[in-house]
Amino acid sequence: MSDTASDASSPGIIHEFPREEIHRRSANHRQNGSPPQTRQEHASTSYVHPYYLPGGKRSLSGISIRAFGLGIALGLSILLTLELAIHEHGLWRAPCFVGILALFHYMEFDSTARYNPPEARISSFLLLSNGYAYTTAHTTAMAELLLRFSLGSAWTPKWLPIRLVNVPTVVPVSVGFVLVLGGQLVRSAAMRQAKTNFNHVVQWNKRPDHVLVKDGVYSFSRHPSYFGFFWWGIGTQAILGNRICLVLYAVILWKFFKRRITYEERHLVSFFGREYIDYRDKTPVRIPFIP
């Protein structure tokens, strides 16, 4: 999740060898004795780059399967969330959380494919490329929710091992949805505006076409993608009603972005010099206690 440009270009899907001009003389001469008719044909041989074949980093089938799976997960999550919420079952938050995650991961790839297509690849979904800690955090959040309901249950329905109780108050859930929606919009807007200047991986080398984006959402926060994800993460825990994971998410995300921003800005200063120093001095990150 970086605001810097990429230093690797994507190979084209179709590669075409140099065309050869093939001259074929007609077997049938004209009856009037004119020279044989010459026909020029352009032949080309093409192939699909291995990156786009099954198993490749940009496998088209791999991308379609993941997009399909995320779409199914989002659709089912919406239906189950509405069904449980209508019947005032507090566990509607579980499928809601799954739906939020499905939308987030889809938007990561979609934004990359739309605005920085050379970098679009399977890892752009961030399903596994965010590391073990990311998966553990979301698993722990879901576990806290389910454990809370399990311990608070006075009876257990035959069709579900957890009683559906404890509908959260309106205020924290509303705040959570605002943070999730706002964070997602800001992050997606940052990727859209930065285009090829955005990359999920911190870049060590400056590309010739890499420019420093300072307007739009980048005039509000110098790292709007980090700002958006930080508050998005806090919002998910407010929706779930998790007290322990709310604190853990805040602390872990803060420490992660603090280290990452410090590391990334060393490279940005080396890329843009005084221009970035001036931009950094006047534009905050807007994550608490990170100047």
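Backbone N, Cα and C define each Cβ position, glycine as well.
What TrEMBL lists as region 'Disordered' is 1-43.
Look at TrEMBL and you will find 29-43 tagged as compositional bias 'Polar residues'.
Taken from TrEMBL, the feature transmembrane segment covers 67-86 (among others).
Taken from TrEMBL, the feature transmembrane segment covers 92-109 (among others). If one looks beyond the transmembrane segment (92-109) by at least 6 residues along the same chain, the residues whose Cβ comes under 8 Å of a Cβ in the stretch are 63, 66-67, 70-71, 73-74, 76-78, 80-85, 120, 124-127, 138, 141-142, 145-146, 168, 180, 184, 187-188, 200, 232, 236, 239-241.
Under the heading transmembrane segment, TrEMBL lists 164-186 (among others).
Sequence-distant neighbours of the transmembrane segment (229-257) (same chain, 6+ residues past either end, Cβ-Cβ under 8 Å): 1, 93, 96-97, 100, 104, 133, 137, 140-142, 144-145, 148, 166, 168, 172-173, 175-184, 186-187, 223, 285, 287-290. What TrEMBL records for 229-257 (among others) is transmembrane segment.
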